[in-house]
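> Structure provided below as C-alpha cells; questions to follow.
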C-alpha cells in the first residue's frame, strides 16, 4: 500500500477528490457497462495515466485490485504487483500484448453487439448524470443550505441559486434527465454514502437524501480538499442516513447548557444593564458548541485545551465553559473594588483564565486555559498556537493527542485581519504545527455596523481556511442539534487527521455591538426581524416538550436552579473587598514563584562559566560531530577560524552566542531560536544547522551534540512573517519560565510589521495581565549605508515605551539596586558592544529570579569586526553583564585632564575610538558605553560623571536626532547629575527616514558627527 500511495502521490495532480474504497459501502459492484476494446499501440511513456492526469482513477483501480486482483485488467494487475514490489511507475507499467487478427475480429463482433443495443448509451449517460448530480450537491450544496436563522440573508452573499443544483424537478434537464427518470433506480457510485446499506436508489430518493445531507441547516465545504481519504471521511459523516441522531439524555444535556448560556446573559443584563459586557445574545448556542468540542476531544484523549477568543461572549465562556467562579466574574462589575496587584489591569472581557477540572461527560481530568488578549481582533491567534506548541513540546505530545487549541473568531475579523492568514500558514510547518486547531466563527453577519457585503470580497468569511485544505462546516445556530453534530465531527476530524477545521456558526446579534449601542441606526430591517425572533432556548425547549423528552415543569426547574446559582454567587461577590488580577492568570508557572507570586530571591548569580565549559562548547562549535558528513568548503573555513579563536581564548559574536546557548542547554534550559533564515543567519555568521553537500536534506545541529543529558535545542527558519511568528514565539515563551525563547528579525527594521504583538502583548503584558514573559527579541541594527529599510530597529520606539520616570532619581543606595530596577521595569533594552557582554545578557535572562522581555539591538558589521572580540577572561566565573562599560584608556588614568565625556551605545563606539586615535585625543576625550539602556543605569553613570569633574557631557549616536536614544538618554542623564550640566548632542540631524540610501551621503554624515564629537569648541557658542 505504501508503494502505491507513493506512486499515486507522484501521479496525483491537484484535482477535485473522487473516491477511496476504504470507506465505501459494502455492497455489490454495479453492473459494468460495455466498453470498446482498445488496441494498445502507444509506447509506455505516452500512457496518459503516467502523467498524473488520472490519479484518482488509478487509486480507484488500486482499491478494486486490493479486494480482487481479477476484477481489473491484466495490465493493471501487473502494474500494481510491480509497484508494490518497489518498482517506479515508469518501469512498473507494461503494455498489454498487441491484439491478433482474431482478436480484432472479436472487436468488430463486439462493436456490432453495441450497435444492436441502442439503450446502452442512454444507460451510461443516465448513470454519469446521476454521478454529476451527486457531485454537484457535494461541491455546491452549501450555497443553498438554510443557514441564516433570520431567513433574510444568504450566508454566501449570493441571492441566486446555482443553476446546477437540483432543488426542483424542473432543473433535471440540466443533467439530461427528465421527470420520467425520477422513479428509475440507479446504482450509486462509491463516492457517496446516501444509500446506507443499499447499492441502488430511485432518482427521487437520491435527490431527497442529498437535499437532507447538504441543503438543510448544515452546509459542508470540503470538495476542494485534495485528499481522497479525507473527502470520503466527510461524506460518510454527513451523507449516511440517520447518522445525526441524539439520545434523549444528550438532548437534555444540550437543553441544560442552553439554559446556562442564556440565563447567564439575562442575569448580567438585569444586574448591570448599563455596563458593557459584549453579550452572547443571538449565539447562545456557542456555549454548548464549545463544550461538545471539549467533550469529544476529551473522549479522544485530550487533557489540555488552550483557547483564544475575542470579547463577544467571553464572560459566558469563562463562566460556563472554563467554569470560573461566578462571584469572581461579578466582582469585575463592581467599580468600587480596587485591584490588589501591581499594574494597570484590564477590562473584564479581555481577561484570561487557567482551570483544571473534571469533565463530567468523560469523567476525565481536563485543563482549560483561555489566553488573555487585547481588543486587537485576531492578534491572540498565533499566541494561542505558540502556547499550544510549547505545552505539546513539554509533555512529549509529538502528535497533538493530548494538547489542542480552539480559536474563536468573529466573522468580520476572520475575513479582514491578515494575521488569520499568517496563522493558518503556520499550521502545517514542522516547527510550528500544533496538529490541528478547531476554529469556531461566531458569524453574526455584521461587523459593528458594517454589512458583510462591505466587509469581505469572498462568499464566506471562512474562505481563508481553504488555503490549508481545512474543511468548513457552516451551520444554522438556531438548530442546536445540528450545531452539536457539526462540533462532534470537527473534534473527530482534528483527532483523526490532525489538521485544522472550521465551524461557521451563522447566527445574529440581538443587541448592538455593545449593550449601549443602537443598531437600528444602520441595520433597521435586520433588527426589526431580530426583535421578532424567538430565542434559541425557547425554540429548543418547545421542541423537546413536543417530543416528550422533557416536560414544562422540568424545563422551568432547570431555569430556576441556574438562576439560584447566579443569585447566590452575586451575594458572595458582595463580600469581596478587593480585586485580584492574579486570579485571572492564563499561564501559571508552578514552583517558579513563591505561593503569593513573588520571586524567590532578589539576586542574580554570576553568569560566567569555567574555562573547561567554554572550551568544550567552542570545540563542538568548530567541528562536525557526525561521521561521513560533508560540509561546504566555505563553512570549513568558518569552523577552522572558530577553532583558532578557541585556542586563542577569544570569541566573536557568533561564538559568544553559541557558548551562551550551549551552557544553558547543559543546565536543562530548552532554547528555541526562530525567525527568517536564523539557521544560517541573515549575515552568514551563525551556521547552527549544517547541510551535507552530498546527501539531500541531511542536516546536523551540533548544538544538540554537546552534552549527554542536555536540554534540546530548537532552531527553525520561520515563514516570511513577523506578526504571526513573533506572536507564536511569545505564546511559546508563556508556557514555561525554564526556556530561552528568541525571535530574530531578518533586519531590525522589519519588526514593525509585528508592532501589534510588541505594543499590546510584550510591552504591557505584565501590567495588564500579571503575566511575566521572558521572550528575547534580536533586532539587527546599525547605520552602515544600506538604506532606510536596512539600518534601524527603531530603538526610539522601544525606549519611549519604557515605564521608568526620567525625572525621578531612584534610591541608589537600595540593596540589589540593579535587580530591583529589572524587577520594576516592563522590559529590558540593551545594545551590546562586545561579544562577552552579549554572552552574559543571554545567560542573565535565565538566571534572574523573574522574567522580563529582553530587547537586544544586535550588530551587523561587528559580527566580523576584528576589534569586536572578547577574551575568555571576560566570561569566567565571577563575571557579570556590564550595564555600563567605562573608559579604560589614558583618559581614565588622568580624569582631571579630560575635556569631554562622550556617552554612546553600540557600534558607534568603534567609529569613535578610531577617530579619537586618529586625532590623538585619547587623553582629552573619555568614551563611556551604556550597554543597558533600560532600566537606566543611574548609579553607574553618576560615578562616571563624578570621575571627570572638568569634562563637558555629550551624547553621541549614529542615528538621526529625532530617532535613536537621545530623547530617552538626555533627560535621565540630566536627572542623574541634578541638571548641573547640559548634555550636548553629537549625531545626525533630524530626518524623516531612518537612513540615506546613498553611500557617499552616509559617509559624509558619519564624518560630520565624528567632527562634532571631537571638536572641543563646537558647543561653546551654545553655552
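Placement of Cβ uses the backbone N, Cα and C atoms for every residue, glycine included.
So Swiss-Prot says this about it:
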TRANSIT   1-40  transit peptide
MOD_RES   100  phosphoserine
BINDING   143, 156, 158  Ca(2+) binding site
BINDING   312, 411, 444, 446, 676  thiamine diphosphate binding site
MOD_RES   401  N6-acetyllysine
BINDING   411, 444, 446  Mg(2+) binding site
MOD_RES   970  N6-acetyllysine
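I'd like to know what surrounds each of these features in this structure.
Under DSSP, residue 156 (Ca(2+) binding site) is assigned to coil, being neither helix nor strand in the three-state scheme. Sequence-distant neighbours of residue 156 (Ca(2+) binding site) (same chain, 6+ apart, CB under 8 A from its CB) are 142, 143, 459, 460.
Neighbours of residue 446 (thiamine diphosphate binding site), defined as other CB atoms within 10 A of its CB across all chains, total 23.
Counting only same-chain residues at least 6 apart in sequence, those with a Cβ under 8 Å from the Cβ of residue 401 (N6-acetyllysine) are 300, 301, 302, 435, 495.
Counting only residues at least six positions away in the same chain, the Cβ atoms of 955, 983, 985 sit under 8 Å from the Cβ of residue 970 (N6-acetyllysine).
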> Around the C-beta of residue 676 (thiamine diphosphate binding site), how many further C-beta atoms are within 10 angstroms, looking at every protein chain?
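Result for residue 676 (thiamine diphosphate binding site): 18 neighbouring Cβ atoms inside 10 Å.
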> Could you measure between residue 312 (thiamine diphosphate binding site) and residue 158 (Ca(2+) binding site) for me? Cα positions, answer in whole angstrom.
27
> In sequence order, what residues of the same chain, 6+ apart, have a Cβ less than 8 Å from the Cβ of residue 444 (thiamine diphosphate binding site)?
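For residue 444 (thiamine diphosphate binding site), the qualifying residues are 282, 283, 312, 410, 411, 507, 508, 509.
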> Report the residues of the chain - excluding 411, 444, 446 - with C-beta within 8 Å of the mean position of the site's C-beta atoms, for the recorded Mg(2+) site, in sequence order.
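The answer, listed by sequence position, is 410, 412, 442, 443, 445, 447, 452, 507, 508, 509.
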> Look up residue 444 (thiamine diphosphate binding site) in the DSSP assignment and reduce it to helix, strand or coil.
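SS state of residue 444 (thiamine diphosphate binding site) = coil.
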> If you skip the near sequence neighbours and keep only those at least six away, which residues in the chain come within under 8 angstroms of residue 158 (Ca(2+) binding site), Cβ to Cβ?
143, 459
> Rounded to a whole angstrom, what is the largest C-alpha distance between any two of the residues 312, 411, 444, 446, 676 that the record assigns to thiamine diphosphate?
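Taking every pair among 312, 411, 444, 446, 676, the longest Cα gap is 37 Å.
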> So how many other Cβ atoms are close to residue 411 (thiamine diphosphate binding site), meaning within 10 Å of its Cβ?
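If we count other Cβ atoms within 10 Å of residue 411 (thiamine diphosphate binding site), we arrive at 25.
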> Tell me which of the binding-site residues 143, 312 sits in the most Cβ-dense spot, judged by other Cβ atoms within 10 Å.
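Max Cβ neighbours within 10 Å, all protein chains included: 312.
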